[in-house]
Structure formats: structure tokens, C-alpha cells
């Protein structure tokens, strides 16, 4: 199986683009977005809005409290603390506004496609009437001709046309849409380039695909996902603990003879509660959806994205996902003592005029492996092509007295040796083609279902992540087994009917596993709906798109793997920043507690290991660090932390080290540095 | 033999004894709680209580059982104290005052055994034997029952049944606590612990108070209760006459909490899951022992407040074991410890009593902490967090959070108010940072159901009696309700299969995570308060 390792230039390009997509598509953060999102950030100061986030609401309320004190009894310190507390709220608002802003830009470009199309509706008597696209109802039949915009989502019920879907998919090459079959769905807002089709409307205006997309990317319907809710509960718990700890501190301080000001206590509280993750939590969620959109995947809910990270079993269609979809020549086997060179030349001749994908793949293999010309010479063009017929079951060429044929073994007089080769190829899941010159059998061509390059590695990655891959195919078990082992999938479902797929999903789910699958046909719809993550191909039917909870606009079934990674990355980013946030508190204690209490017990100044200048500078530096770290982490929140498929333990070890240990160390350095500047302010240093 | 070598030898013997008991006792307890047959005695009890022992309960019914049983326990114990004057063996000690009776009733029912009274002058033998000792058994059995309900939550799938509280309660008492306590009471008598129905004994013309000590002594330690029959507790020669009884008492304190990790591993079908919990408990226990021991051995007056019979090492060993298990018995006066040593004892309690914690309570507390730790860890590996095959979602995190929040809430509110009450100044032996340590210690002890006292504080005024009583009740029952709710939602789930993506919870990584969480949660919550008490004291 040598040729699976060889890649055509296109494949290499594809792989490269894919790798590029992993880095670039992750979302680049442009500092200018901070400025453009500023007005939105200001609007979020509304307390009703702040209430949605318990952690930031406490900061908001604390800022207000400190402001009251700063106004009634102004000093450089109190005013500075008040200002920086408000900055903390502002930065949190900004993080969310920036994340939303990226979606908005996308929504605007989508809106432009939603021109108010005029529909040509067919009436009962067969005549046409012109109505606005917004008046269409489900079941209406509309006519769309070349140059016109499809007025709503629907299925083609009559005709065939090329359609430009670039407005939605960004892919400029037109696609063919025809009635019947699995390529019948058209999307409102796309443009018919040729011919005439009749479309039956399947969606109400306002609920079309584009409408849903706009709502999604704008985050208008964003609901907290289950894990986000659980995390919010944990963060609220931490906030309550710190609220109690700080509130109880005042009586202890009074008892010890050193009552603290409300400003200082509020500053301590804000520094301790998990503001970093609290501020970035919703931005992380929005950015996660955004990363999917950038990969041209639309999820109907954040819950689906989260579920993608939990997937245990991945059902993948063989054809088009694991293999290229058509059989390719992978090996030439000489037989009956004939020379290999002679066989290859004969093979090439037999296929020169064969325009089928199999024929082309034979020529490609001859060119790649044996360096034979891919184009026929002038002499060869004079040959007479013998096309495949059902009677002869072979095709070939007659050239200068040579009659070269290739075809199924049954059409030739075969020796035992040849029959053995043929049987072996069949057992391996390949298709044997016997080649003969003037009725003398020279050898056999092996046609194989070629596994796409890199699949084995990706499945290995998935296995490391704990995800089992199951290949689904209509092939017989023997063929399926051969391909399954070549591709490195964990299991396969052969001779699969749609109901088998459904049964498999149910069985996996009974065992507590979460299942993801891709599909495009109407047949797939029930399974797509049953799966925990169902990714419908955009080329598929409306039924499939309705049933799944994601739509891939590129119709690339391998994208499921990326979706899983995005889901995981989303959770990891939340966990990592929570850890970072909590780990930060250690340094803040070392900064603030000596500042508060060294006046009562001078011995506590030993805890001032950062040697911060004054109590005021120490507290202010901690507050400033706490605010600035939010801004510093916005890019990370939007981009997501780096994710490499590996075992759970390795991931945890790595993230604990970076975000746990890093979270302990960073604020020591940060607060120390800020103090060097802050101490220069008169009235503080 | 130098005291250090003697101390190390005692630690060595203790560890060997615990290791020997670990397997048989752990496996035995697993069988007790999963057995389907009932003994005759048990059947008689069930008939008496009109209980169908083969019917199982939902988490809420189980919780009503716990709360109802405990409430009735408080009422009975209160009434018993208030009518002491009518009971035999009261030696004219009379009725216990109402505030003290309330505090004591709550204290013994919650397995705290905080004592605001002086036993020799307040409690007669009837209340001791029919009231306090009974609660020493059943309050311990309640803790174990709740722990078993939680374990069933992990083990069972798609059910709302968590077992029967009454059956768990009866079995814990009859099959585990009673036999072991009986045997060790005899052993303690043989080693010199007293057992008498007389009010006192004449020693060289002086009457020294006496009591049926041994019977209560064994269960006092075994059930991690800690309430002494005599005021000096295990520092009293009648309760703890020599090094051997001292070592046996420490062994009894630790044996059930330690062996329960084996029971847990056995029941969840993977003993390593139990080993890792024990490892974390043992690591923190050893670290804190080192801190207390070194602090005391190098202090200014090492033997202040300690019995010369035991010396520094055995006192440190006892102090560390009693505060890390919610026992609260003492063989030395923690108030006299150094800032660091006393702070260490306090920190043991502030960890939430899970290193190894009280009987049952230690296991369920550390499991709750494991849930919090695994939630964060799960996020960090990119999957919906799970632990022992159960997903940790909104319900589970909420229950765990409530369970963890209860203790710091009542502790900080209680201690905060106490610190600024004018009456408090008069109740304290010491001013300044040590005074604050005494207040913090009292509320830490009550809120964690430990019951040990810093002793430098007089807690008989109405505020302390009432507030500490409330702390004990909330510190006990809010976590219990939350833990049972948690068990309910865990049991309702289906099991998540283990894959390569599952974070293993048996290795050093998980141990680090869990240990780190225990320390971190306590540190983050209490460092500000500790800064003005033990930390200031230690840095002076």
C-alpha cells in the first residue's frame, strides 16, 4: 500500500490549509477592537446587566461604595482605588463587548445578503404572482431563475440549477442544486446562476437559516451552557466565602485595635474574588461559538459545542470522510512470469482513454511510481478505444495490432496464479482488474478505497483523547474490515442501513456514551437528531439540517474532529482561567494583609516579601494588577488556550503547571512592578 | 530513650496498628453496609420502631430520618439534663441550667462533644450513661450512615434509592461501634482506666471525683466524640493513665476514619480509589503532626500545659489526631501551645475535618472536596467534569458548594460577632492576638463539630452557649443535607464509562490536586482571620 503515503500536490495543499486554519482560524485579536467596542462596554454598566454575573456585580457594587467614600472624604488613595475598581468593571465589559463585536461584524455581512427579495409565487392555477419574500409561508412554491435571489429556505422540487452560495459559505465555486435526492436544499439569500428551479418553501420568514445564523453570531440568544452554569455556581460560592472572610475581618480588626476603612476592605474583597475568570467567562463562551463560525460551522446552541468536547464515540461515514470516495489504483501485480515494465506499459495504454476516476487513478500511479507520461503521445492517439460494455465487461485500446484489455477476472482465461492474486485482493477489500494483451494475461491492477492521508494519525489523536471512532459503510464486512484496519478506526459498521446507524447510536448512549455523527441525507435525519452532536452538511437536505444541531457550511465531514477540539478548548480555557484566578489570591494576601495589619502587629510586616513601599501603594498595586490582568488575558480568552490532543493526565499536568503555578507566580512579579510606579504618586508612595 | 525517639516509636506503633486494622475492619464495614440479612437483635429493634428494614429510601426521606432522629435526640438529652435532680446517681448536682443543657444536647447529638460544663460538678452518672454515652454511639453511627449513602450515590445508577437510614444507623451501632467499644473498654480497664458508679474516690484523704469512665472512654475516641467524663479529659489519669492507654486512645480515634477509605474503595469496586484518599489524609496528617511537634518541642516552655507522663511528642500526636478527626478529646491544653502549634491544631479543624476527619464525616467531607477538585480539573482537560463515573453538573456542584460553605459561614459570622461583643473581653484569659486565637478556636471547634477547646475562654454566658450551639447544629446538618442531596443526584445518573479521556483519580496527580484543594480552600478562607491570631502570634 505504497500510494497511501504519497500525496498529490492538492492533498498537500489541503493539509497545509488545514493546519493554517488551526492557527489563524482560532481568531486573531486586534487591539483596535478594544476601542471600537468601547461604547458597548459603557452600556454594560447598567446594574440590571451586571446582575447576570454575580462576581462582577460584587465588583460593581464595591466600586459604587468606594466612590461614595471617595467623594465624601477624598484623598489620592481613595480616589485612585475608586477609579481602578471602575476600570475593573470596565475591562470586564470590554472583554464581553469585544467578543460580541466580532460576531456583529459577521452578522452585518450576513444581513447584507438578506436583501428583501421579491418572490415569484406560483398560485393554484399555475400562474405567477409577485410577493415580498417576507410574505412567504411554508409550503409555498416559488420560481427562481438565473440571476435571481432565492427568497427563502426550501427544497428544489422541479429543475436543476447552479447556485452561488458564497454569501453564506464564502465558497465562490457555484454548486448544483436539483430536485430529488440529497442535493435539493437551497438557502434564502443565495443566487441562482443558471437555469430555472421551483422551490418549495420549508421555513417561515424570520426563522430562516440566515436569520438563525445572524442571531447566533450576534450572541442575542446566547444562553449559559450547563458547564458554564456549574462554573458560575462555583465562582459565586468562592465570592460568598471571600465576602464572609472580608466582612468578618472588620470585627477581628476592631478587636485587635486597628479598625479598617471600607475602602481598604472593599479593595481586598475585589482582589480576592475570582474577577479574572468572572470578567472573561462570557467572552470565552462567545468566542468559542465564534471559532466555530470561523470554521464555517454553525451550532444551534452553545450546549452542542460543549457536548462536542465530551464526545466518546464518533460515527464517521467511510465514503468521503475516511476515504476519497472513489477507488484508486494502488498496485500493479505482474503474473504468469511477465515483465513488470511490460505490465505497467500495457496498463497505461489500457487506461489512456478511460475517463473514469479509476482510469485516471491508474494513469496517475503509472506517472508517479514509474515515471510514464500521463498524456498520450501522437502515436497513441491513433489507437482505437474499446469502451466498457456490459457484454464484454472490459475496456481497452487497439493500437497497431496490439489489443490491450482490462476488466473483471471473469472475462479472461486466468491461470491459478492470477486467480490467487485476484482472490487475495478481494479479501483485502480491494477490486482486482485483470490486464491482458492479445488475450495473454500480464497481471492484475489493485483498485483500493484509498484512505485519506493523515487519517490514521488523527484517529490515534482521538484515541488518546478517549474518543472511539466507528466507521459506517455500506460495504460488505470483509471490505469494511480491511479499510477499517487500514484507517485505524476502532470499530466499523458494515452493510449499514440508516436504522442500523440509529441502533448503534442508541446502544452507545445506553452505555452512557455521547455520540457525534455527520450526515447529509434525509435518511440520516433521525440519527442526526438522536446523536448528541449531529453535524449536517450544508449540501444536504433541509430535513438533515433541521435534525442536526450543527451545520457545516463547507460540507467537510472530517471537520467533526475540529469541532470536538473546539468544544474541549472552550472548557479548558474556562478551567485554566479559573485556576489562574484563584491562584492569584496568594500573592494578593501577601500584598494586602501586611499593609492592613502591620500597624497593629509590626511582626506581620515580615509577610511583605515584595517590599511594597507603603500600605497604600501595596493595596493600590494589587487593585491595579487585578484590573490589568483582565485586559492582558482578553486575547487568550478570545483565542482559547492552546490545545493539543493528549491524555487527560498530561493535559491536567500541563495546565496545572502553566495556569496554577503561573497563577501563583505572575501576580508577585506584576504587583511588585506596578508598585515601583505607584510609589511615585505623591500621597501614596 | 530520648523523648523524640520514644515519640517516633509511638508513631511507628500507631501506624503499624492502623495498617493491621485497615483491611479487616474496612472490608468488614463494607460487608456490614451491603449485607442483606438482619440479625435477631436488629429485627427486634426494627419491630419496635415499626421499620421495614428492606424498604429503601429516597435522599429526602433519608435526610428526614437523620434530621428527625437528631432532633428527637436533642430534645431527649435536653430533658434528661433538665430533670437530673430526679434521677439516680446525680449526687445532688441538680438540674443542668437551660443554656448549658441546650448547648450540651446539641453538642453531643452533633458528634461535637464541646463541653461548656465541668462534668465532675454538673453531670451525674445517669445523664452520662443514659444520655451522653448513647449519643456517643448513635451520633457516630449517623455520620457513617450519611457517608454510606453518599458512597451508594456513586455506586448506584439510575435509581432514587440510597438505602435505609434506620438500617444503616442500627447496623453501624450494633455491628461496628458496640463490639469494638466493648472490647476496648475492657482493655482500658485492664490498663488502669477507672470504672465506678461512686461519685469519687478517696486518695490520701482527698476525694477525687470518679465515674464509669472506661465504658465511655472507648466510644469517646472510637466515635470521634471527645467529650470527657472528667473535666481534664484524656489528660486525667483516670481517663488516660499511661502511655499505652494514650496510644490506644489515639488508635481508636483514627481507626474508623482511616479504615472507611478501605470500605469506600471496596464498595466502589476499586480499592485504589480508597488508597488515594487515605494517602492525601495521611500526608496532611503527617505534615501537621510535624508542624505541631516541632513547634512544641522548640517552643519557649515546651511542657507548659502538657502532662509529664506524655511529654511533647505524645501530646503533639494526640493533639494532631484529635483535631484532625473531629474528636476533640485532649491530653494536653492546646491553649498553652505555641502560636504555631496551637495554630496548627486550629488549622486541622479549618481544613474541614477530613484528614482523616470524623467517623463518616471525614469520608463524605473529603469526597465533597474531591468533587470540587475534579470539577476544576475536568474543565482543564476539556470534558464535562466527572468523578467515579458520575458527571459533575449544576446540581452536584451546588450541593458540594453548599456543603463546603456551611462551616466557614457559621464560623466567621459567630467569631466575628463574638470578637466585638463587650462581654467577650471578660470571658477571655488573654488579650490581644492570643485572645483572638481563643475565640477563633472555639468557633472553629464548634462549627467543625470537633469539640476540643483552647480552654482559655469561658464559654458559659448565654451568647456563647447559644451561638456555639447554633454553629454546631448548622455545621453538622447543612453539610449532611447537602451531601444527601448530592448522593441523590449522583445515584439518579447513569454511569459514564471510563475512556482514555477520563482523568484517573487513583494516581499522585489526583492526590496532589485533592490535597492542594483542601489546603487552598482553608487557606484562602481563613488566612485574613488567622493573620490577626495565630500568624501574628507565631511571627512575634
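Including glycine, each Cβ sits where the backbone N, Cα and C put it.
Record features, source TrEMBL:
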type	residues	note
TRANSMEM	A:53-71	transmembrane segment
TRANSMEM	A:77-95	transmembrane segment
DOMAIN	A:119-218	domain 'P-type ATPase A'
TRANSMEM	A:229-250	transmembrane segment
TRANSMEM	A:262-286	transmembrane segment
ACT_SITE	A:317	active site, 4-aspartylphosphate intermediate
BINDING	A:520, A:524	Mg(2+) binding site
TRANSMEM	A:586-604	transmembrane segment
TRANSMEM	A:616-636	transmembrane segment
TRANSMEM	A:656-674	transmembrane segment
Annotated stretches the transmembrane segment (A:586-604) and the transmembrane segment (A:77-95) touching (3 or more Cβ pairs under 8 Å):
no
Compute the average pLDDT of the predicted model within the domain 'P-type ATPase A' (A:119-218).
83
Which sequence positions outside the transmembrane segment (A:53-71), separated from its termini by at least 6 residues, show Cβ-Cβ distances below 8 Å to it?
45, 47, 78-79, 81-82, 85-86, 88-89, 92, 232, 235-236, 239, 243, 261-263, 266-267, 269-270, 273-275, 277-279, 281-282
Quick test of the contact rule: Cβ under 8 Å, at least six residues beyond the ends. What residues does that give for the transmembrane segment (A:229-250)?
53-55, 58, 259-260, 265, 268-269, 272-274, 277-278, 281, 574, 578, 582
Cβ neighbour count (within 10 Å, all chains shown) around residue A:524 (Mg(2+) binding site):
27
Please count the residues of the domain 'P-type ATPase A' (A:119-218) that DSSP assigns to helix (H, G, I), strand (E, B) and coil.
17 helix, 39 strand, 44 coil
List, by number or range, the same-chain residues at least 6 past the transmembrane segment (A:77-95) whose CB is under 8 A from its CB atoms?
34, 37-38, 40-42, 44-45, 50, 53, 56, 59-60, 62-63, 66-67, 69-70, 263, 266-267, 270, 275, 278-280, 283, 616, 619-620, 623-624, 626-628, 630-631, 634, 637, 681, 683-684
Reported as an integer number of Å, what is the Cα distance between residue A:520 (Mg(2+) binding site) and residue A:317 (active site, 4-aspartylphosphate intermediate)?
11
If we skip the immediate neighbours and take only residues 6+ beyond the ends of the transmembrane segment (A:656-674), which ones have a Cβ under 8 Å from one of its Cβ atoms?
576-577, 579-584, 586-588, 590-591, 610-612, 618, 621-622, 624-625, 628-629, 641
Distance, the residue listed as 'active site, 4-aspartylphosphate intermediate' to residue A:524 (Mg(2+) binding site) (CA atoms, angstrom):
11
If H, G and I count as helix, E and B as strand, and all else as coil, what does DSSP give for residue A:317 (active site, 4-aspartylphosphate intermediate)?
strand
Can you name the far-off residues of the same chain, 6+ from the ends of the transmembrane segment (A:262-286), with a Cβ under 8 Å from a Cβ of it?
53-56, 58-59, 62, 65-66, 69-70, 77-78, 81-82, 85, 88, 91-92, 95-96, 98-100, 103, 219, 222, 224-225, 228, 231-232, 235, 238-239, 242-243, 245-247, 249-250, 302, 570, 573-574, 577-578, 580-582, 584-585, 588, 592, 595-596, 619-620, 622-623, 626, 629-630, 633-634, 637-638, 640
So if I draw a 10 Å sphere around the Cβ of residue A:520 (Mg(2+) binding site), how many other Cβ atoms end up inside it?
26
What parts of the chain pack near the transmembrane segment (A:616-636), using Cβ distances under 8 Å and only residues at least 6 beyond its ends?
29, 34, 77, 80-81, 84-85, 87-88, 91-92, 94-95, 98, 264, 267-268, 270-271, 275-276, 279-280, 283, 573, 577, 580, 584, 588, 591-592, 594-596, 608, 610, 666-667, 670-672, 674-675, 678-679, 681, 683-685
If you count Cβ atoms within 10 Å of the Cβ of residue A:317 (active site, 4-aspartylphosphate intermediate), leaving out that atom itself, what do you get?
21
Going by DSSP, give the three-state secondary structure for residue A:520 (Mg(2+) binding site).
coil
